[in-house]
Amino acid sequence: MGTRKSKASPPAQARASMKKDLPEQFRDYRHVWVFMELERGHVHPVSFELLGEGRRLADQLGVQLAGIILGPPGDSTLHAAAEAFAYGADLVYLVEEPLLTDYRNEPFTKALTDLVITHKPEILLLGATTLGRDLAGSVATTLLTGLTADCTGLDVDEDGSLAATRPTFGGSLLCTIYTLNCRPQMATVRPRVMRMPQRSNKPIGRVIRHDWRMLEEDIVTKVVGFLSDDRSGNANLAYADVVVAGGLGLSNAENLLLIKDLALTIGGDYGCSRPLVQKGWMPADRQIGQTGKTIRPKLYIAAGISGAVQHRVGVEGADLIVAINTDPHAPIFDFAHVGVVTDAVSFLPALTEAFTKRLAPANRLRVVN
């Protein structure tokens, strides 16, 4: 996913009528940048996904792809630079400063905006994570440029402008947004929306160190400690290989046990559509779709889910989608690979039993070995 153009994209003639001449101060902005998000010294996977997408955009534009790294001096920051090259970057802009050890909006915004003003990128991409959303908004505001959030598709049009597609009107429509008269063109993309690129053995390229300083007394926010939010019960749907999800077709909260049993049987995780969270049947971290988690599993089983646009954009990156619904005209059958027109409540126990029987010999073999 990430290359599909929305029907909402205006024709070239309509865009031409909206487009003014790019102001003189923006005409030398070039290249594609990806902000590399570090989590306690480790690169967030969404950064690699964005490097893959950024590589494609840079090749279309005939420009370079740069990874942007803000962090403290040390091996973890240099390792992040090496990883940027392995996932497609041509060069890395590096700001090493002890004040950037932990994320705080003020120093990160100042460092990134200084980099942009100095080196003038045409496109700047960030992950739509908690950190990325906070940083992207403040950087765009500081630079007086546009920002398209939570994109499901990125492309370059015939004029070389970034076409950023995202759902709108509660997920019922897709729109394509352009930043025509400001630079850089900024967009955020959630984890797992873009495909993870293949890691290469590309040698380390050019690293440009940017000398940047800020005084601690100029920063309002102070870090007093770090408490991990690594709770074992939290859903990790975004990176699960197998996901089973339920919707309103399950009829009541008790029937959620059916998707949990199936997920447990086939070694997967479970989730739900937005209406079930709104009803209080499942917590928000189990929601799948544009306003929840975006998933890209090898197998996705949707039970009793109609498949509205906001759900579709969160799941259509799956390798195999199996849809179970009583309505043969449900939108989910338009993009599912396998469709079963039946009552999910009756079908799920039979499916779980079939998987149990099929997997039993393999399970016994693993125990013996």
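Just so you know, glycine gets a Cβ as well, placed from its N, Cα and C.
Some features that Swiss-Prot has for this protein:
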- 299-327: FAD binding site (BINDING)
- 1-20: region 'Disordered' (REGION)
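Residue environment of H311 (FAD binding site) contains 27 other Cβ atoms, counted within 10 Å of its Cβ in all protein chains.
With a 10 A radius on its CB, A303 (FAD binding site) counts 29 other CB atoms from all the protein chains.
In sequence order, S306, V341 are the residues near D327 (FAD binding site), counting only same-chain partners six or more apart with C-beta under 8 A. Set side by side, the binding-site residues L299, A323 differ in how many other CB atoms lie within 10 angstroms of their CB, and the most is found at A323. The C-beta environment of G307 (FAD binding site), restricted to residues of the same chain at least 6 apart in sequence and closer than 8 Å, consists of A323, N325, A330, P331, I332, F333, D334, F335, A336.
Sequence-distant neighbours of V315 (FAD binding site) (same chain, 6+ residues apart, CB-CB distance under 8 A): I288, G289, T294, I295, Y300, A302, I321. Under the DSSP three-state reduction, V315 (FAD binding site) is assigned to helix. Applying an 8 A CB threshold to same-chain residues 6+ apart, the list for D319 (FAD binding site) reads P297, K298, L299.
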